[in-house]
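Report on the following structure.
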């Protein structure tokens with residue numbers, strides 16, 4: 001039930017972000033005498049996002065200073081991932097470990113054939129084997145559900161909207177007319193558009209990311225057959241990430257949406273702009289999936 005609802009919600013959110021893009025495009029096209037110039041910014045935004053998607057694995061792994069690990073180094077991690085990949089009838093991703101003690105894990109890569117799963121030293125020390133299995137099941141389902149593609153497309157659209165909005169506010173007066181008898185683009189409307197459109201696109205993008213987290217929780221729990229193991233891991237991660245957050249460096253911020261838990265401290269209004277749903281809600285859903293009653 002949750003799975004169908006989340007899939008529908010993702011589709012609706014994509015419709016919303018496309019709606020914002022079409023709205024801002026229509027407004028600027030009606031305001032400027034050279035609407036074709038906007039195409040340049042669309043191409044730039046899409047090209048930048050495509051590059052980020054194609055190189056997402058390397059970017060995230062470098063940001064976390066991760067290194068590949070052999071089966072001799074991490075036999076338990078290899079065994080769990082091999083068993084779960086076999087159960088899912090999917091390719092086994094490459095395995096990495098990050099030296100940071102901040103407890104977290106993430107998956108990245110273009111597709112199941114070119115994927116990587118990374119655990120930090122902190123999470124390997126924090127969780128027991130059952131909980132680690134739950135986390136790895138979650139990460140594998142991000143790969144197998146192609147959530148990296150989903151988040152990249154959402155990011156691409158948000159980037160295009162931001163580029164067009166910036167174009168409008170900085171060059172609107174130049175392209176909006178100005179000769180006698182010609183109507184000039186409304187500078188106040190352009191300013192509001194440049195502020196509100198990227199904000200709306202970002203909020204929708206983050207909502208898509210949160211929805212995909214719910215699906216990875218549920219699908220990963222079904223893959224392992226142990227929803228309560230992932231729920232237990234999330235409880236530990238909620239406390240662990242608060243005690244040992246990652247520094248808010250740009251490279252880490254750009255990769256944070258891939259991680260199983262929000263790696264930064266964030267309270268109050270900051271929660272609205274979190275790439276992750278509330279831990280309490282994720283845990284409650286997993287307990288409901290297991291038929292757990294308080």
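Note that Cβ sites are derived from N, Cα and C of the backbone, with glycine treated the same way.
As recorded in Swiss-Prot:
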TRANSMEM  12-32  transmembrane segment
TRANSMEM  34-54  transmembrane segment
BINDING   138, 142, 213  Zn(2+) binding site
ACT_SITE  139  active site
TRANSMEM  152-172  transmembrane segment
TRANSMEM  188-208  transmembrane segment
Distance, the residue listed as 'active site' to residue 213 (Zn(2+) binding site) (CA atoms, angstrom): 10
In the chain carrying residue 139 (active site), residues 6 or more apart in sequence that have Cβ under 8 angstroms from it: 105, 106, 107, 117, 216, 220, 260
Conformational class of residue 142 (Zn(2+) binding site) under the three-state DSSP mapping: helix
Near-site residues: Zn(2+), ref 138, 142, 213, CB cutoff 8 A to centroid: 107, 139, 141, 147, 212, 215, 216, 217, 220, 260
Spatial neighbours of residue 138 (Zn(2+) binding site) that are distant in sequence (at least 6 apart) but have CB under 8 A: 105, 216, 217, 220, 221, 230, 260
Site with most surrounding Cβ atoms, counting all protein chains shown within 10 Å, from the binding-site residues 142, 213: 142
